[in-house]
C-alpha cells in the first residue's frame, strides 16, 4: 500500500514537472530564438574568453573570478559594438531596398523588362533613381512662375481651408498611429537586446555549470543529452560560420563588383547574390548571368567580359576556397536540399526567426532518430548476450 502511494505521488510529481516545464517554455517562447542565439554566440566566444583569462595578467588568484567577469563583459561589449550592431544596421538598411527591388522584378511582364530593371539602359538613367519627369517639369515651372504662381497657390489654400483642416486631422491621427507603432517596435527591440546581452553574458560565464545541472536533472541519459548538445552547437556554428559567413562574403564581393561596374542597385543585387549562393548548381550565377546578358544587350562588351570573369573567378570560387576553411570552425551535417527546405519552411511558418529554428529542429530530429536506432541495436545486442 505504501509503495503504491509512493508510486502515485511520483507520477503526479512527474506530471507536475512536465506541466510547469511547458508553462515555462510558453512564457519564454517569444524570446526563445534570442536565447538560442545567445547560447550559440557564447559557445563561439568562450574559447576567446578562456584565452584572455589565461594570457591577461591577474593581480592574484582570489580576484580571478571578478577579473573573469570583467573580461567577459568587455568581450561582449566589444562584440556588440564592433560586430553585431553594424551587421544589424546593415541588414535593416538593405532589407527594404532589396524587397522593393525583388517586387519590381516579380512585377515585370517579360524577361527583357526584368533585365532592364537589373541593368537599366544608359539612355534612361532617370528611371533608375525613381525620378518623375512630369513632376520635375512642374517643379521647374513653379520656380519660374515666381510671384504669380505663389499668389495663386496661396489663394487656393485659403479657399480650401476646411479641406486642409480635414487632411491635417486625418494625417495627424495616422501620425499618432505611426508613432505608437514605432515606439512599440523600439521597446521590443530594446527588451530583446537587453535579454540577448544578459543571457549571452550569463552563458558565457556559467554555461558549463548550467549544462551540468541540466544533464543531472534531465530524464534522458547523459549520452543522449551530450549528443543533443553536440548537434545543437553544430547547427549554430554551421549556420553562423559555415553558411552565413560564406554567403556574406560572396555577397560583399559581388556588391563591390557591381558597384565598380556602375550598376545602380548594386547593394540589393549583392544581397540577392549572397542569398542565391545557397542554391546548389546555379548558385550566384542566377544573379550575375542576367547582368552579363544586360551588358551584352546594351553593347557594353567590356563590362560583360569583366562580369563573367569576376563571376567565375571571384564570386563563384569563394565557396570552393573558403568553405573548407570555415568548415574547420563550424560545419553543418545537413544536405543543401534539406537546408533550403528547413530555412524556407521555417520562414513560412515562424517568420524571420524560422530561418534559424527550422534547421535546428530538423537537425535535432535527425539526431533523435539516430539515437533511437542506436539504442535498438544496443538493446538487441544485450538480449543476445
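Cβ coordinates come from backbone N, Cα and C, glycine included.
Transmembrane segment is the annotation TrEMBL gives to one range among 45-69, 70-94, and that range is 70-94. For the ranges 239-259, 365-385, the feature annotated in TrEMBL as transmembrane segment maps to 239-259. Long-range contacts of the transmembrane segment (12-32) within the same chain, counting only residues at least 6 positions beyond its ends with a Cβ under 8 Å from a Cβ of the stretch, are 192, 195, 357. Across 70-94, 239-259, 338-362, stretch 239-259 shows the highest tally of CB pairs under 8 A with the transmembrane segment (300-318). Same-chain residues lying 6+ beyond the ends of the transmembrane segment (70-94) with a Cβ under 8 Å from its Cβ atoms: 41, 45, 48-49, 52-53, 56, 197, 200-201, 204-205, 267-268, 271. Remote same-chain residues near the transmembrane segment (338-362) are listed as 32-33, 36-37, 232, 235-236, 239, 243, 278-279, 332 (criterion: CB distance under 8 Å, separation of at least six residues from the stretch ends).
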